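**Student:** OK, Swiss-Prot features for this one:
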- ILE328, GLY329, GLN330, GLY331, GLY332, PHE333, GLY334, ALA335, VAL336, LYS349: ATP binding site (BINDING)
- 46-74: domain 'LysM 1' (DOMAIN)
- 108-140: domain 'LysM 2' (DOMAIN)
- 168-211: domain 'LysM 3' (DOMAIN)
- 322-594: domain 'Protein kinase' (DOMAIN)
- ASN40: N-linked glycosylation site (CARBOHYD)
- ASN52: N-linked glycosylation site (CARBOHYD)
- ASN102: N-linked glycosylation site (CARBOHYD)
- ASN123: N-linked glycosylation site (CARBOHYD)
- ASN152: N-linked glycosylation site (CARBOHYD)
- SER266: phosphoserine (MOD_RES)
- SER268: phosphoserine (MOD_RES)
- SER274: phosphoserine (MOD_RES)
- TYR390: phosphotyrosine (MOD_RES)
- 24-232: topological domain 'Extracellular' (TOPO_DOM)
- 233-253: transmembrane segment (TRANSMEM)
Amino acid sequence: MKLKISLIAPILLLFSFFFAVESKCRTSCPLALASYYLENGTTLSVINQNLNSSIAPYDQINFDPILRYNSNIKDKDRIQMGSRVLVPFPCECQPGDFLGHNFSYSVRQEDTYERVAISNYANLTTMESLQARNPFPATNIPLSATLNVLVNCSCGDESVSKDFGLFVTYPLRPEDSLSSIARSSGVSADILQRYNPGVNFNSGNGIVYVPGRDPNGAFPPFKSSKQDGVGAGVIAGIVIGVIVALLLILFIVYYAYRKNKSKGDSFSSSIPLSTKADHASSTSLQSGGLGGAGVSPGIAAISVDKSVEFSLEELAKATDNFNLSFKIGQGGFGAVYYAELRGEKAAIKKMDMEASKQFLAELKVLTRVHHVNLVRLIGYCVEGSLFLVYEYVENGNLGQHLHGSGREPLPWTKRVQIALDSARGLEYIHEHTVPVYVHRDIKSANILIDQKFRAKVADFGLTKLTEVGGSATRGAMGTFGYMAPETVYGEVSAKVDVYAFGVVLYELISAKGAVVKMTEAVGEFRGLVGVFEESFKETDKEEALRKIIDPRLGDSYPFDSVYKMAELGKACTQENAQLRPSMRYIVVALSTLFSSTGNWDVGNFQNEDLVSLMSGR
């Protein structure tokens, strides 16, 4: 009966999905705002530290997100106590079907959960939330420990109004009321109450969600999550069909199982990869005969979580013995082949045994780290050669879209989205994993694009782990044109990835490679960073930048958005690693940029003069 139960489980899961098809957390939104009440000598520096949104030294490039949303602040060093500061942050789906963002807080002397919630986070979170999301007892929080601080957020509700798409997470205070918040926000009391049903605005505590304004003072409209997906009715139809099919499979397979129990193994290999990978127990390559001849002890001893072990026979069969017609790419450590394995499209990287360090690096990272903007590892094989099996990402890599021929040019809004997705993937491995990982080979060729033109960071073969905020000394590794200056001395830190990401931002703007051929003469090459640095030195910086913007964009871009991305690229590629922003800052900056760029669609403008005005030309 064990087999029968295992088949019923996914069916029950599908039933639960059917009844919960209208999820409260169908999608995230690029940006939300936190209302931080200033008291007891709180400064922007404190807010910056607690909510991880850098101010200095990047405000010289006029890209500071806090100041953009607080035009009333004339001097960041002198702010009136008792006022509120709006702090932008990403609003993301969290486990448990709700929206929020996890900030990291380093515990200081005399900190308690209550003090952190009230004093350090201005009631944007609660003591109960901190206790629930951190392993430390309330009476013994270690000094310098890192706390996960959840701040909830909202992306709006089109059933209430489509006029509002940016929301402020607003902690209520004793002096607040429904009418006072309506006056200060410019939103009717009825709308506020409908966005916060059942909430008593006069309670003096708790969180409400208030429509917010963009840096131009306008209310961004709600962006429906349905535009890129399918309706609930379609989903319901698909689910019902799948359930019927699974019931039929249950009957056939269980009948065959009872008839011949020896065929149980063939059933195991028929389970879809995504299901099997999610439920595979942690195994060791040393046990169970998984190691093949020639496998090094280091490989044989690695522990693998949630990954499928494939046989060489199965991989060879799926690729016609690794026929060239199945080859879809070639990297520094091996070739990549397309395959269909157990009903799922996959990409197989075949590596020589000499690349065991790179194999282990990818295996260790991708079996422990899971994020929507990181490529998913399905499984591995260590017979004869080293094989890693990934999810197949249909649209190739970013470099192919920017530098290759035969593809439609990426619209500017998609370029900003790809930059934001990639930044979120990197922020995750830099900020939210223990230990912290440094990718060390960020480049456009290692950013994969799916069918919806969303990005996933891939190729973790050079990844190194470091202590939080730390660095390590290693050999210089990476790709020429993307390597930060300090890598010459073997220094590795998260700022190495930041530098390379800055080069990718320049690529998104110009569609040029990281190394540019300046003339037809032999040897006339220059780094893309140098090309942009030269443009920033020109008297007319804007005109100089226009000359290197991808000509395939034509007039279909808002110049202000391009200029701001170029300035962010400049901040990322500063020679001094300490002056580069963190990936957390970059995510907030790009979220802000995407929020303003996403509303811009040149296709809505038929008048050529309007098009020129919008593009800044």
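Glycine residues also receive a Cβ, built from the backbone N, Cα and C atoms like all the rest.
Can you walk me through where each of these features ends up in the structure?
**Tutor:** Under 8 Å, Cβ to Cβ, and six or more positions away along its own chain, GLY334 (ATP binding site) finds LYS349, LYS350, MET351, ASP352, ALA355, LEU386.
The average pLDDT computed for the domain 'LysM 1' (46-74) is 66.
Counting residues per DSSP class in helix, strand and coil order gives 15 helix, 0 strand, 18 coil for the domain 'LysM 2' (108-140).
Of all Cβ atoms in the shown protein chains, 21 besides its own fall within 10 Å of the Cβ of ASN52 (N-linked glycosylation site).
Cβ neighbour count for ASN102 (N-linked glycosylation site): 15 (other Cβ atoms within 10 Å of its Cβ, all protein chains included).
The Cβ of ASN123 (N-linked glycosylation site) has 18 neighbouring Cβ atoms from other residues within 10 Å, across all protein chains displayed.
Long-range neighbours of ASN152 (N-linked glycosylation site) (same chain, six or more residues apart, CB within less than 8 Å of its CB): PHE98, LEU99, GLY100, THR169, ILE207. In the three-state DSSP scheme, ASN152 (N-linked glycosylation site) falls into the strand class.
With a cut-off of 8 Å between CB atoms and residues at least 6 apart in sequence, the same chain places ALA346, ALA347, ILE348, LYS349, VAL375, ARG376, LEU377, ILE378, ALA458 near TYR390 (phosphotyrosine), listed in sequence order.
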**Student:** What is the interatomic distance between the Cα atoms of ILE328 (ATP binding site) and ASN123 (N-linked glycosylation site), given in whole Å?
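**Tutor:** Rounded to the nearest whole number, the Cα-Cα distance is 52 Å.
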**Student:** Could you check which of these recorded positions, ASN52, ASN102, GLN330, VAL336, sit within 10 Å of ASN123 (N-linked glycosylation site), going Cα to Cα?
**Tutor:** none
**Student:** Please indicate, using numbers and ranges, the residues of the same chain that are 6 or more beyond the domain 'LysM 2' (108-140) and have a C-beta under 8 Å from a C-beta there.
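**Tutor:** Apart from its flanks, the domain 'LysM 2' (108-140) reaches 34-40, 42, 46, 50-51, 102, 147-151, 169, 171, 205, 207.
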**Student:** Hey, what's the Cβ neighbour count for ILE328 (ATP binding site) at 10 Å?
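**Tutor:** I get 13 for this one.
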**Student:** Summarise the domain 'LysM 3' (168-211) by DSSP state, stating how many residues are helix, strand and coil.
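**Tutor:** For that range the per-state counts are 15 helix, 9 strand, 20 coil.
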**Student:** With every protein chain in view, how many other Cβ atoms are within 10 Å of the Cβ of VAL336 (ATP binding site)?
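**Tutor:** Around the Cβ of VAL336 (ATP binding site), 19 other Cβ atoms lie within 10 Å.
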